[in-house]
Amino acid sequence: MGSIGNLWFLALVLLSTLSLLSATGKKTYIVHMNHNLKPLSHATHHHWYQSLTSTSDSILYTYTAAFPGFAAYLDPEEADSLKKMDSVLNVFESRLRSLHTTRSPEFLGIHSNFGLGDGRQFQEIEQAAHNVIIGFVDTGVWPESKSFDDTGLPEIPKRWKGKCLSAKDFNPKLCNKKLIGARYFLKGLEKEAPGEEPLSPLDYNGHGTHTASTAAGSPVANVSVGRYGSGTVRGMAVRARVAIYKACGNRGCADADTLAAIDRAILDGVDVISMSFGNDTGVPYHEDTNALGAFHAMQHGVFVSAAGGNSGYRRSLMGNMAPWMLTVGAGSIDRDFPAYILLGNKQLFRGISIYDGPRMGKKLVGLVYNKGNNSLSNYCSKGTVEPALVRGKVVICDAGESTSVENGLRVRKAGGVGMIVVNPFALKELSVENDLVPTVAIGTKVGNLIKEYEKTNPNPKVILGFGGVQVNVKPSPMVAEFSCRGPNPVTPQILKPDIIAPGVNIMAAWPEAVSPSRLKMDKRTVKFNYMTGTSMACPHASGIAALIKAAHPSWSISAIKSAMMTTAYNLDNTNFPIRDVATGKRANPWDFGSGHVNPAKAFSPGLIYDISKQDYAKFFCSLNYPLDQVKLNIDCSEKFADIGQLNYPSFSVFFTGNRTMVQYSRELTNVGPANSIYGVTVDAPPSVAVTVNPRRLVFRRVGEKHKYTVTFTDKSDKKSNVQATFGWIMWSNNDYKVRSPVAFAWP
C-alpha cells in the first residue's frame, strides 16, 4: 500500500511539473545555422550560438558533424526572432518520435560457410567484421547481457574516438572489446518530462538492447524464452563492434537528442548507424532531422539504416524516406509458435502463442465474446471487461490499441481464465507477446468462425492448448501488415521502402531490469525476449551492411546499399511471389521495395549502382527548397531536371498531368569478374512500354562503368482510372542477376 501511495505522489509531482513547464510556453527548437556567417569576434561556434539566445543555459546541444547548428529551449517569440537573422537558415520545433534471434540468421542463410564468389568464404568475412563499428541510436544498452561478450575479439580499432560514459547506474568498466561505446543524449526528453528517463546509457526500455544484439550480438548458446525458441541466439555480424547512443526513452525520441547522437556517432568514427525510430510522414527533408543527420553521415562515409515505420498497410505513411538512407520494411520468418483452440463442437483451430504459464488442463470452460454495450468492448479496452460476463471463461478480444498482455490482465482481473485475440488481417502473420493468461492469437477468418460458434451456441465451450516451436513454416516470408508502404510521400520518384528484412517475432537480448511486457505490474525477468516491428528489421539490415563493409572495405555506402537491393528476392519458400499479410494478395514494390534482403547474394552482386556525394547534393538541391534553408556545405550549381535521374537501384515512374513519356539514365559499375557481359530483361505491365538502350553491356575491367537509358511510355487509357502497376529491369548473365523494381503510377 505504501508503494502505491508513493507512485501517486510521484505522479502528482510529475503532473505539477509538466503544468509548470507548459505555462512557460517554452519548447525545444533546432536551429540550422550558416557557418560561413560566424563573426570573427566569436572564438567558437558554441560561443556564437550562446550570444544569439537570451540565456546561455538555454542551449542543449551544439551540432558539428551531423548538422551545422544547435538545439535550444526557447520561447516561441525567441524562436521567431532567430528565424529573422541572416545567419539562421531555419528554425523548427524538435518533435517526439516513436520507436518503431534464434532463427533469423538461419532464415537469412548466414549460418553456413558459403562462398562469396571471389574465392573467399563467409567465415573469413565474419572474422573481418571486428574492424566494423555499428552505432545504435536507441534506448541504451544492458551491458551485462552475454550478447555483448567480447571473448575472442582483438583490440579495439585505433581509429575509434568514442568512450563509455559513467553514470549513477552505469559503470563504464562494463564496456569491453565488444561494447566499445556508451553515451546518452537526453536533454530534449528531459525538457519534455523532467526526471522520467534516467540520465544514463542504461536501457530501461528493452528496445535498444534488443536492436543492438540483433545486429551484432555475440553467439549465446541454449537460449529460450520459457519453453520457446531454444537454440543459439546471435546477431548478424557477431564480431562487429557495438557503440550505443542513448537518445530515446519510454516516451519516445526527441529530435534534438537523436540529432546530437548522430552527430557524436559520426565524430566517434562509426561505420554504420542503425536507427529504429520514426519521423512524421511527409516532412520535407530540410526539416527532417533524421534525413539531415543521415545526409551528413553520408558525407562522412557512414552507412545509415533506418526503420520504415509501423503505421500499417495504408499507402504513403512511411518515414525515413531519404535516398541516402536504407529504408527497411518488415517481413515474417519461417518460425511459428503453434497453439490450439478446441471448441465444444470438436472443431480444432490453430493459432499462435508463447504463453509460458500454467496450462488450462483438459476440461472445457465457457467461451464469451466481450462485445458488451460499449463500442470498445470487443477490444477488451479498459473498463469494458465485466466480471459477471467473463468469470471462469475464455474471452474473445479483437486486436486493438492495447497490447495482448494488457488485455489479458483485464481479463484475469475480471475473473477470466484465458483469451483469444483476433487479428483483423487476411493472412496469418501474428506477433506474439509474453502473455500472463493463457492466450492464443488467430487471424480474422478463424476468428469469425469462432465468434459464430459463440453466438449460435447456447453454452459455448473451449479449451486452449500450446504446442511449442515449429520451423520451416510455409509460406515465408510475407510482408508484415504493420510495415509501412510506399509510395514515397516526399519524393515519389524515389521508390521506398528499399528492402524488407525479418521483423516479426524476433528473439534478442533483453534488460533484466525490464519485464518482458514492460508493464510495472509484471514482475517477471528474462534475459531474452521477442519483439516485432520494423525496429527489428532495421538492425538485421544494419548487421548485413556491416558484413558487406567487412567484405569490401573500399566500397561506398551506395555500393553497399545497391548490393543489398539488387540481390533481394521476391519469391517465398513455396516459390510463389511474396504475399502481403494485410490483403492476402501478392505484394509489390510499394510493399517490399526491391524484395527481401538476401545476404548470401549481396556479398557478390556483380554490378552496382554507385552514387557519389556530389550526386546526392545535386539531388538535394533539385528539391527546390528555399535556398537559404538548404545550405548544407554543398554546391548547388547543378541540379537534376528530374530527381528520378539519381542513379538509384530502383525506378519510380509517375505519369503526371499530360506526361506520357519518362526517360531515365543509369550507370552500372562492374564489381564482378573482368570480361563480363550482361544482357537486359524487362518485365513491364501492358499499360507501359519500356525500352532499354543499349541492351547489352560489356565490362572488360573490374571497376569499369557503363550507362544505359530507359524510356517509359504510357500506353494506358487514363480515362479508365489506371491503378498503380509494377515491373522490373534485370541485367544478367550466367553468374549474376542485377534486378531493379519499377513502380508506375498515374496520380
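A Cβ is built for glycine as well, from the same backbone N, Cα and C atoms used for every other residue.
The signal peptide annotation in TrEMBL covers 1-23. What TrEMBL records for 28-100 is domain 'Inhibitor I9'. Among the features that TrEMBL reports, domain 'Peptidase S8/S53' is placed at 130-571. Annotation comment: TrEMBL describes Asp138, His207, Ser535 as active site, charge relay system. According to TrEMBL, the domain 'PA' annotation covers 367-449. Here TrEMBL flags 645-743 as domain 'Subtilisin-like protease fibronectin type-III'.
Its Cβ placed at the centre, Asp138 (active site, charge relay system) has 30 other Cβ atoms within 10 Å. As a summary of secondary structure, the domain 'PA' (367-449) carries 23 helix, 18 strand, 42 coil according to DSSP. On its own chain, His207 (active site, charge relay system) has Leu99, Asp138, Thr139, Cys248, Ser276, Met531, Ser535 as residues at least 6 apart in sequence with a Cβ closer than 8 Å to its own Cβ. All protein chains considered, the CB of Ser535 (active site, charge relay system) has 29 other CB atoms within 10 Å.
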